[in-house]
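Here the structure comes first, spelled out in structure tokens, and everything after it is commentary.
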Amino acid sequence: MRARGLFRGATMDAEHRVDGQDGTAGAGPEGGSQAPSGQDGGQGGAVSAELHASGGPSGPQGEHRREDASPESGGEHRAEGTPPAEGSEQRAEGTPAAEGSEQRAEGKPSEQGVAQRAEDTPSEQGEPQNAGSAQGQGGEPPVASGDTQGEGERPHNAGGEAPGSADASGSEGSKDQAGSQEGGLQAEGTTSQGQAEPPAKDASHAQGEHQAVSDSHGQDGSESGGRSVANEEARAEQSPSDGEARVTPGLDERPQGAFWTGEADGDKSGDSDEASREDVLPEPEQRLSGRVTTVLLPLEKLQDESAFKLRPEGDVSGLATDIARLGQLFPVDVRPAGEDRYQLVCGFRRVAALRFLKRDAVQARIHLRLSDEDALVMSLAEAIHATPVGPEVLEAKRDELEAQGRLSAAVRDMLEKALATEDTLAPEGVEEEIDADELAQEVAQRLGAINQDLSLLADVFAALDESRKAELLMQLRYSSELVTYLEGL
């Protein structure tokens, strides 16, 4: 009795759909997309789906179903006068209805995690389509009908098909006046355009893994599932990836400045290291920096040569007195010259004064890598810039210190010695009286000697250099002019 009642309900449902009338509570308006509803209690669509799934006979007026539908034909069913659509497939191939389809036919909502797909959406590679793409022209979203079950749902049937997956949709371009699109629900793993492949469970999971988020939230269509996927993608974009390092600002930054000489970071290229070294300012005396050592050098290790001596040492008694009283104030400059031998570059008078005092060591700056050119420049600079202090400056300083009360006995003695040295070096004054007759006699004798020398040069005058000739002629002209002048007196 129950089967007959279901058969009659399916027949009436098919007749009303062919005539374009609103026979069931779940039927869509004219031109709208129609899908069997599992939430609103539309028994007509659900009973029709159960009838097709159980292999019952087709309706007398509008529906024709092939019980021996092969996978190639896809088990299509359509109303009379309606051309077949690409997606209007019927997945039931004589499979008896499961208990889940009866429960959904009675108006019970599908379980959580059910996914919808419209058969009229082509899928070339067998990828499952979301039910949100199957909304009809009428703007009513289709309701999930329990095509595929998520985690915790009822298992698939032995045939690998989802229970109650009946095709209740027509073609979008149907010539019927009803004009309604009935979107059939297709199990995962099936392909459209009339090629029905048995959707295995493994194939469904292999090809539809990317719909896990959408299937877990898919009770009412693709709206809530789309929002969930969008939220997941937004959080994924905002959160840093696993390969990105979370760097705290300020901890990994290297110090800035012109004198930074530390190593650069590990993720920096060789070009940035060279740029940072170029920014470093050169240190003063870069040629000599790090290559000079000040030591107390034995005098016996100095070579007795004067390659860089510019003038003789002269009298070093005063310098020796100052060194004996004050010590050596300034070290000398040397450079290595063989094994345990050194060459003196600057400080010859200081070394002579130390030897005068019978000392055995001298304070010296050893220039480890000093070229001949640099050594010569150093010796010249010391001699040129050692400007002697004039007596006027020394006297002014003595008067200034005496006025300030700072002129001690040692300072006075040093200044007096310096002034005495200047007086001894001054030329003697001309105080001797000269006799003119004696001077004239002396000049006459010298002129006679010069005339004899000129007579000797007359024989070789033509062979002389032009510059020598000009110089002799200039002196003779001066003498001739002087003779004319003296004769006129």
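Placed from the backbone N, Cα and C atoms, the Cβ positions cover glycine too.
What you are looking at is a predicted structure, and each value in this text was computed from that prediction instead of being measured.
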Exercise. What range among 324-345, 346-367, 434-455 does Swiss-Prot record as DNA-binding region?
Worked result: 346-367
Exercise. What residues in the same chain, six or more past the boundaries of the DNA-binding region (346-367), come closer than 8 Å to it by Cβ-Cβ distance?
Worked result: 288, 291-300, 302, 306, 308-309, 313-314, 316-317, 319-320, 323-324, 328, 330-336, 374-375, 378-379, 382
Seminar exercise, completed: The DSSP breakdown of the DNA-binding region (346-367) into helix, strand and coil residues is 9 helix, 8 strand, 5 coil
Seminar exercise, completed: Given the binding-site residues Arg311, Arg350, the candidate whose Cβ has the fewest other Cβ atoms within 10 Å is Arg311
Exercise. How many other Cβ atoms are found within 10 Å of the Cβ atom of Gly327 (CTP binding site), counting all protein chains shown?
Worked result: 8
For this session: Return one of helix, strand or coil for Arg311 (CTP binding site), based on DSSP.
Result: coil
Seminar exercise, completed: Cβ proximity for Phe330 (CTP binding site), under 8 A, sequence spacing 6+, ordered by residue number, returns Gly347, Arg350
